[in-house]
């Protein structure tokens, strides 16, 4: 019987079978060969190439098992990290997706006999969080990427700094209130009983300066105060007001108010605050990655849109192409002196300015703020990565 034609149903079926997954028991991990049926697998086991691979493996079987185990672990964790991230997922779901790849490492070639043993091993090694439920074992990937850990530490540091600033502000306000209360002498009124020797005599009140706030009831034959006493009382009250106004005006000149000091603290905090996301719409950036080819390497473009703080849609200036890039693949562009720039980080973030000069040795620049409440302020020593040219 002749060989089947290329477009015959049998040939087409054979090509479809060769591309798909076959039975696990007919796969040889040492030779990395998949057989279609039992007869083919038997013939492969009797072949010279298979016998040669078995001789090599028999010399150092532990080395081959360690190699397959490491490859299986790396591929499994890479799939778990990329596909599911840090979500809690059933281990069988991840395994089924892993074995759907035709060139995967089979578990029977590794040091783990079952998926449960492999799951427990991941938990013991601290690579994943594992827990057993009535429905089976669940795993959760632990992200130990240095970049992710750095971002988490920066976020925790920023939260701690905000809490410290709030505590300092509250403590400062309490201190100001305490100082204000200490400056005032709390007067306690003294009460005395009214004594009258003669019921027919009229009662008068002595309002002299030496009375000190206590009303002493005395008996006298006079029925009213004379005009001289009223003048004395008015002059004494006016003198007190002048003294109190002068004494309150002097510390106001020496000390700043609580509101002014709080505003200075907030301005200082904003000036020193930095973020890891610096992309802003409307700035000119340069592509520094070579993954896109030489066509876009070292080429400039304008940021049209910022997605999730760290991704930008860049329109190339020469070709007009639109590319979606991460900020790690971009860098800022420093224009010539006299051109307009945008501050991307630090206390002046979001303000536009004019580039005055460049210090090439210190990799810094001097700009003049053109917008906002700090318009006209001259800022020295601002880093290259904190400013970029405006489109």
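Using N, Cα and C of the backbone, Cβ positions are placed for all residues, glycine too.
The zinc finger annotation in Swiss-Prot falls on one of the ranges 5-27, 28-50, namely 28-50.
Among the ranges 147-180, 181-214, 215-248, the stretch that Swiss-Prot annotates as coiled coil is 147-180. Here residue 135 (N6,N6,N6-trimethyllysine) comes close to 90: these same-chain residues lie at least six apart in sequence, with C-beta atoms under 8 angstroms from its C-beta.
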